[in-house]
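Annotated features in TrEMBL:
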- B:124-222: DNA-binding region (DNA_BIND)
- B:2-116: domain 'Response regulatory' (DOMAIN)
- B:124-222: domain 'OmpR/PhoB-type' (DOMAIN)
- B:ASP51: 4-aspartylphosphate (MOD_RES)
Amino acid sequence: MLWSRSIVRRILWMHVVAVGTIALFVPLSLYLLLVAETSSLHREAMREQADRIASHLVTTGGRWRLDLPKDMRDLYSEALGRYIYAVVGDDGTVLFSSRYAAQAIFPDAPFTSKPEFLQAEPPHSNISGTRIPRTEGDHTVYIEVAENLSHRDVLIDDIVSNFIPRVAWITLPILLLLLGVETHVVRRVFRPVQEASERARQISPRRTDIRLSLQDIPSEIAPLVVAVNEALDRLEQGFRVQREFTADAAHELRTPITILRTRIDTLVDDRVAEPLRRDLETMTRVVTQLLEMAEVENMALGDSERADLLAVAADVIAFLVPLAIAEGRSIALSGVEEPVWVAGHAEVIGRAFRNLIENAIRHTPAGTVVEVIVEADGTVHVCDEGPGIADAEREFLFRRFWRRDRKRSGGAGLGLSIVRRIMELSGGSVTVANRTDGGACFTLRFRVVPAAADQDGAAVVQAAERDDGAAPAS
Amino acid sequence: MRVLIVEDNEELARLVVGGLAKAGHPAEHAATAAEARHMLAVDTYDAVILDLGLPDADGLVIVREMRARQDPTAILVLTARAGVDDRVEGLRCGADDYLVKPFAFEELVARLEALSRRPRAMQGQVLSIANLSFDTAGRQAFVDEVPHVLSARELAVLEMLMRRKGRVVPKKLVEDQLFGAGGDLSSNAVEVYVHRLRKQLAERGALVTIHTVRGVGYMIAEAK
Ligand SMILES: Nc1ncnc2c1ncn2[C@@H]1O[C@H](COP(=O)(O)OP(=O)(O)OP(=O)(O)O)[C@@H](O)[C@H]1O
Ligand SMILES: [Mg+2]
């Protein structure tokens, strides 16, 4: 994961990189600072000591004398071995020295008129100190003071050499803690955004009433939320217009057809009425199927809808069987004995069954039975003994307005498109196969759900059953 | 039977009133919910044909009002939409039956007559199909006016079938009627009674068929 799509992760990732870099640089620079500080402390001390020695250096009659007090002499004792001094003439002769073997400390460094900080040549490079000139009349001497760094104060030594392992690690937990705090803060800041996303996820054609809350939303993101809400307003408006149009169209179309139908039905002369009625029935079928298609097209179902396939099937069969019997066919229900609860709306699923069974009745020969089989796994088969579906027809079968025989009136060619749309709505599928002994077998597959606690779907079926449906609409 | 038709389309209302009159049912017309309320208040009808899409109110409101004051008048709802919830909603509100526009006029008359035969409307009556008739008060079946003796259970099955002639009587309903709800019985017990009934009716020359709709129920219809 070098670059994540999550903003929170991006921010945290950048922080990890930043913190990592800082964790590296802070101790390093602290260490360098510490080293610089100790060396400047050392120089200052050397300078001070050189000045003090200079203050004890006097000339009497062209001769130099050095009278060091006891405490200073102790400081430069060879037993201690830490500090050394030497007073050197400008010709290089050693006038005074803390060491028995009187030597200059920095014999190779040329004399200058300014104070200098020097380091002895190897192999004495652990000896470092200062040299200052002192002039009295026209005589100049140089006072050299140095410290043997390998004998340096243990404390300072420890601080410097142990700084990284002992002290620098503290920066890491501090930075990690900071990272933790950052994570928390960033998450907190983004929580309203996350909540808005959660809410947005619930938006579906059925739930277009949801709007995202602007409360606690960071001002950078607020315009996005506002834009989404506005888009939702337009979407909801669009759906409403569509649904209203379908409802209005249904009313506007059905009323004149009803008037026409009633007028024909109340005609006295049946020889005139009969062909008119047949024409009108075809037209009614087309209009009804069109409206039904429009309705399911604009429909959206909630996740909580459930229906009992067995009850719906029994209901639809009871509704259609008088028509089938009148035409010398019958319908039978078999398979499970117990309710099969699936996702979907009972009435809508009933329409899918109705369209398949109507087709089967139309295609099965007189004297045969259309079999409706409901299985416990949420599968429903509608099988007939008609001509079946040729392989070449399969791809057209579910298309709108496709009919095998356009000259034969009676159908709108929409039934199977309606079925397919309903299965899409219910989260299922529809397939077709031919029976080995002839005839088509349509199979609907639904999503099985646990038996409903609120049996809303069952109520639909019961309400319909109480009244035992109605005779088939023609 | 006296019928009130509540329908905002004047032309349709006029045709229905005319047709019903011809079928022997005097009918009156109300074009709005307000008018319907008024007419229901001053007069009594055997049945109301109610369009759901009225200009001044939802037809279901009238159904609710009538049921709230325990008006027993049969209500047949008409709607232009075969919408998902309309039917359930209408029946839940207390309507007795439901018809989607466009409907066959014959169907409308048949439904109205079926409603008036409901127990709440009348007690004793004679149900008939072809040459078979059934006197619900005397509990007696006749073929060509000749009375025939049937067992009590056979009579019960026949009555259920004849009350819903041309429609399916769910198997469960017959079972409950014969053996009481929740009675545990072998699934073909009902089939046995129906089979006996079928045989007896055939022997006596009744021109009816009792269809078994396998897995669903039974239906009586004229023999073809
Ligand atoms: N069970 C079947 N057996 C054989 N052919 C079938 C069967 N079901 C459908 N078909 C063919 O598929 C075509 C499309 O069916 P669909 O139900 O979509 O339309 P329709 O029945 O013609 O019209 P409607 O919209 O009124 O139902 C039918 O015209 C018919 O030719
Ligand atoms: Mg079809």
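Placement of Cβ uses the backbone N, Cα and C atoms for every residue, glycine included.
Those TrEMBL annotations? Automatic predictions, nothing curated.
For the domain 'OmpR/PhoB-type' (B:124-222), the mean pLDDT of the prediction comes to 87. Counting residues of the domain 'OmpR/PhoB-type' (B:124-222) by DSSP class, helix then strand then coil, yields 36 helix, 29 strand, 34 coil.
Under DSSP, the residues of the domain 'Response regulatory' (B:2-116) split into helix, strand and coil as follows: 53 helix, 25 strand, 37 coil.
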